[in-house]
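Shown next, in structure tokens, is the structure this report addresses.
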Amino acid sequence: MMIPVRCFTCGKVVSEHYEEFQARAQAGDEDPQKVLDDLGVNRHCCRRMMVSHADLVDVVSPYQ
Ligand SMILES: [Zn+2]
């Protein structure tokens, strides 16, 4: 599904950084750790939201 707007644990808004994180991390010339540092996603609870998210919205949406 879509990434949750806020971190489940601390409540920080994380969805605003997701597209940029995906674009920069998928490009391959930047380390995902450095991208998260650069975006200001510092807590490990917020970082796991970005790193572990599986974007299934395009797969699931035809079946609603
Ligand atoms: Zn958090």
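Using the three backbone atoms N, Cα and C, a Cβ is placed for every residue, glycine included.
Lifted from TrEMBL, the feature list:
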BINDING   Cys7, Cys10, Cys45, Cys46  Zn(2+) binding site
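In sequence order, Cys7, Thr9, Cys10, Lys12, Val14 are the residues near Cys46 (Zn(2+) binding site), counting only same-chain partners six or more apart with C-beta under 8 A. Cys7 (Zn(2+) binding site) falls within neither a helix nor a strand when secondary structure is assigned with DSSP, and so counts as coil. Each of the binding-site residues Cys7, Cys45 was scored by how many other Cβ atoms lie within 10 Å of its Cβ, and the smallest score goes to Cys45. Other residues of the same chain near the Zn(2+) site, with their Cβ within 8 Å of the Cβ centroid of Cys7, Cys10, Cys45, Cys46, are Arg6, Phe8, Thr9, Gly11, Lys12, Val14, Arg43, His44, Arg47, Arg48, Met49.
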